[in-house]
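Heads up: the structure comes next, in structure tokens.
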Amino acid sequence: MDDNKKKALAAALGQIEKQFGKGSIMKLGDNRTMDVETVSTGSLSLDIALGAGGLPMGRIVEIFGPESSGKTTLTLELIAAAQREGKTCAFIDAEHALDPVYAKKLGVNIDELLVSQPDTGEQALEICDALARSGAVDVMVIDSVAALTPKAEIEGEMGDSHMGLQARMLSQAMRKLTGNLKQSNCMAIFINQIRMKIGVMFGNPETTTGGNALKFYASVRLDIRRTGAVKDGDEVVGNETRIKVVKNKIAAPFKQAETQIMYGQGFNREGELIDLGVKHKLVDKAGAWYSYNGDKIGQGKANASKFMRENTEVAAELDKKLREMLLTPAEEKPETDAAPEIEENEEF
């Protein structure tokens, strides 16, 4: 590209970012476009796929997928991680299905978690807006968009038609919430369900509930799917899960994370550490044996994961190394010594 085109492109990009905000346009290969405060999702693989080490503060996030795919588990893991950092969290339980026993198993401090079970969609969104304007809440989870029922629908008869009522309600809420969330640096996570569009012959017939407003206002959209079962002998003890970043305004999108969600435990963090460690040559694998720093840590992935679970300092050290390797922007990484150039007249 010649200099004039480079200058024109730089001016155009500058104008776009000035008009629409940072992150509205980027090169696909960029690791991240700016330093955004993030909260870990509880899954190292997903933090790396997001490109910034977690989900962004002050933004709207949408998590969608089929039933029993791990949507609520992911948000509870994130709440637990946020609480460990001293953040205040709220859970708007529109589905009236939050299990405090399960939340506690995942590490959530249920004594400090704010919970609301609103009667109508308008009430739920007003509570969200009030919490955002207070500036005292850091993370809000709304479970789920499909359960945000407009007041007119609740007060009406079963067969009444309420075309587009929920979509209009959500569209208005997005316009109000976005600015308040940014000013108070509060993250709002909307869990959404999948529906099928009727009569779609070509392309993906799947869509999410509540109209298009949430898709536009969300800075990050995560598609979470169950891909298989984790078995201990014949007993199913968890789900193999794939999470795809379908929209990302803080880093390059379309990356995927593969993880395991164990029943009653949440993410299999130790298994992720082993897999990523082997992939990036921080953990050695010879046959079925895994070694770290020259010491054997277990035969088979299950035993290596058990070692990491019992030796939290080793797990924390490996986690830190992986985050530094995979999440540090290229310009911040220390320069490695260049390979010596071979002179043309040098004999081999």
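Residue numbering: from 1, along the chain as shown.
Heads up, the Cβ atoms here are built off N, Cα and C, so glycines get one too.
As recorded in Swiss-Prot:
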BINDING   Gly65, Pro66, Glu67, Ser68, Ser69, Gly70, Lys71, Thr72  ATP binding site
REGION    326-348  region 'Disordered'
COMPBIAS  326-336  compositional bias 'Basic and acidic residues'
COMPBIAS  338-348  compositional bias 'Acidic residues'
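Shown here: features listed in Swiss-Prot, placed on the structure.
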{"residue": "Gly65", "record": "ATP binding site", "Cβ within 10 Å": "24"}
{"residue": "Pro66", "record": "ATP binding site", "Cβ within 10 Å": "14"}
{"residue": "Glu67", "record": "ATP binding site", "Cβ within 10 Å": "8"}
{"residue": "Ser68", "record": "ATP binding site", "Cβ within 10 Å": "10"}
{"residue": "Ser69", "record": "ATP binding site", "Cβ within 10 Å": "22"}
{"residue": "Gly70", "record": "ATP binding site", "Cβ within 10 Å": "24"}
{"residue": "Lys71", "record": "ATP binding site", "Cβ within 10 Å": "22"}
{"residue": "Thr72", "record": "ATP binding site", "Cβ within 10 Å": "23"}
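According to DSSP, Lys71 (ATP binding site) is assigned to a helical segment. Same-chain residues that are not part of Gly65, Pro66, Glu67, Ser68, Ser69, Gly70, Lys71, Thr72 yet have a Cβ within 8 Å of the Cβ center of the ATP site turn out to be Ile224, Arg226.
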